[in-house]
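Noted in TrEMBL for the protein shown:
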| type | residues | note |
| --- | --- | --- |
| ACT_SITE | HIS67 | active site, proton acceptor |
| BINDING | ASP68, VAL71, GLY73, ASP75, SER77, GLU89 | Ca(2+) 1 binding site |
| BINDING | PRO164 | substrate binding site |
| BINDING | HIS194 | heme b binding site |
| BINDING | THR195, ASP242, THR245, ASP250 | Ca(2+) 2 binding site |
| DISULFID | CYS36-CYS116 | disulfide bond |
| DISULFID | CYS69-CYS74 | disulfide bond |
| DISULFID | CYS122-CYS318 | disulfide bond |
| DISULFID | CYS201-CYS227 | disulfide bond |
| SIGNAL | 1-25 | signal peptide |
| SITE | ARG63 | site 'Transition state stabilizer' |
Amino acid sequence: MASTVTWACLMLALFLFISSMTCEAQLSSKFYDNTCPKALSTIRTATRTAVSRERRMAASLIRLHFHDCFVQGCDASILLDDTPSILGEKTAPNNAGSVRGYEVIDDIKSKVENVCPGVVSCADILAVVARDASVAVGGPSWTVKLGRRDSTTASLSLTDTNLPKFIDGLGRLTSLFREKGLSERDMVALSGSHTIGQARCVTFRGRIHNNTSDIDAGFASTRKRKCSLAIGSDDEKIAPLDLVTPNSFDNNYFKNLIQKKGLLQSDQILFSGGSTDSIVTEYSKSPSTFKNDFAAAMVGMGNIEPITGSQGQIRKLCSVVN
């Protein structure tokens, strides 16, 4: 009797272990090798074209993947348009007017559909595009695990609670990333994506005009010229997140933070006497360490709560549920 109970317990433990691994096991770098062998090359070519047309787009495409994964997981929910039954994420305060690249994803999806209709998910396209956009501007590459499916829902409300804000302190930032299974080191590495891209005046106005203790005076003065204190006047004017090499993926972002030249409050807080100072210092001295950690963190981010198996769907158009 005892041996029977023991055997039953062992079988139950094995079943639970296998069940817990099912989601991860279904993601594979070779997922489309047989069903759509030209998928990755098609995505890579189209991404390169988009970035060559507008260098800033690389940052936008990486950010699009990030904003997708932090809300409902990496399920392409951010791409859905509003409908009578879906209040989407595009119009959320953290996304509206700042998240870009939707039309690039739509174009890539169209090209992939021409190669193999109904096979490759929009969620996987977002993940692959982020990697290819990084490479296109001199950033690292990584192996993207594939097999995500697309959600049939989106969540406007979760964007407010799950996405970092430009005014967040270190505690909230660390907590948000930890809730997604990402470490403090992952958070700093992923923040390094701000070595490329631009930010709107409305996101850094308060920092350059009201901060006198944690910002380089000359840097603040330069930024004030195109971002006045008057709300509404210069809101949409943009400035590079990395003032040194805004179009190249390197480690100058971290060097800027040490010099108190972080554009956003949520950037500078990473080097303000807190627990992440040492990581920023390390990355400022070793671009290879930063790039390796960034690649690893992007893999980790891409594994956040994917929809797999028979769940969800493969959307024909990324902005609309089938």
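Backbone N, Cα and C atoms are what each Cβ position is placed from, and that goes for glycine too.
Automated prediction, rather than curation, is the source of TrEMBL annotations.
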Report summary line: Between the C-alpha atoms of CYS36 (disulfide bond) and ASP68 (Ca(2+) 1 binding site), the distance in angstrom, to the nearest integer, is 24
Report summary line: Other than ASP68, VAL71, GLY73, ASP75, SER77, GLU89, the chain contributes near Ca(2+) 1 (Cβ within 8 Å of their centroid) the residues HIS67, CYS69, PHE70, GLN72, CYS74, ALA76, ILE78, SER151, ALA154, SER155
**Report entry** recorded positions near CYS318 (disulfide bond), in sequence order, restricted to HIS67, VAL71, HIS194, THR195, ASP242, ASP250 and a 10 Å Cα cut-off
**Finding:** none
Query raised in the report: Apart from THR195, ASP242, THR245, ASP250, which residues in this chain have a Cβ no more than 8 Å from the mean position of the Cβ atoms of those residues at the Ca(2+) 2 site?
Result: ILE196, VAL244, PRO246, SER248, PHE249, ASN251, ASN252, TYR253
Query - Top Cα neighbour of ASP242 (Ca(2+) 2 binding site) in the set of recorded positions ASP68, ASP75, GLU89, PRO164, CYS201 - result: CYS201
Requested in this report: Would you please pick out, from the recorded positions CYS69, VAL71, CYS74, CYS318, the one with the fewest other Cβ atoms within 10 Å of its Cβ?
Outcome: CYS318
Query raised in the report: Which of the binding-site residues ASP75, HIS194, ASP250 has its Cα closest in space to the Cα of CYS122 (disulfide bond)?
Result: ASP75
